[in-house]
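Read the structure below first, then the notes.
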Amino acid sequence: MWIQIMPPFSIANIFVFQAAWFSAALLRDQAFWIMVPLLALHFYFTTSRRADLKLVLFLLPLGLLVEMGLILSELVWYESALTLPVWMVLLWVHLIISFNHSLRWLEKVPWIAVAVLGGISGATSYVAGSNFGAMYMAPPEINTLGILAVLWALLILLMSRVAKYNNKRVV
């Protein structure tokens, strides 16, 4: 079975990611002052610095490319016009790191379940962010939501599989 007890650091990572997400959604540009110290604490305490950094360096360009694609296609936008807000970049870093910790269990889940979970969680994250006023979704929102769900299904599946491969390769 793929369900097991998480190590304490992975449980802490759940709360750190949620703190990063809510600070980004509620504080936007001011979230920097919460998100960066959370990352510093993570890298101070983690025993997987190398694997985490390698994963961030590999997946962050993909995440930023996806976000910029969403902005340029006018499916989503932020108050900062055509630029990607710093808080969104930091949120991507927090998400990517989670694949080595609180989301590591996805490595053992059948790919279809990972895709479904990714589609639902990714799309609803944008809806919640929009409801908080952190970003805006193009109308009709149901169409945008469908596109985001498919995109995030593929993204979470890809990122979880890259993390799994990365964890096998990094000593």
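Positions of Cβ are set from backbone N, Cα and C atoms, glycine also.
Bear in mind that TrEMBL entries carry predicted annotations, made automatically and left uncurated.
The feature transmembrane segment is assigned by TrEMBL to 7-24 (among others).
Same-chain residues lying 6+ beyond the ends of the transmembrane segment (30-46) with a Cβ under 8 Å from its Cβ atoms: 9, 13, 16, 19-20, 23-24, 52-53, 86-87, 90-91, 93-94, 97, 101. Here TrEMBL flags 30-46 (among others) as transmembrane segment.
Residues annotated as transmembrane segment in TrEMBL: 53-71 (among others).
The transmembrane segment annotation in TrEMBL covers 77-97 (among others).
Taken from TrEMBL, the feature transmembrane segment covers 109-129 (among others).
For the transmembrane segment (141-159), the residues of the chain that approach it from at least six positions outside its boundaries are 59, 62-63, 66, 70, 75-76, 96, 99, 106, 111, 114-123, 125-127, 130, judged by C-beta separation under 8 angstroms. What TrEMBL lists as transmembrane segment is 141-159 (among others).
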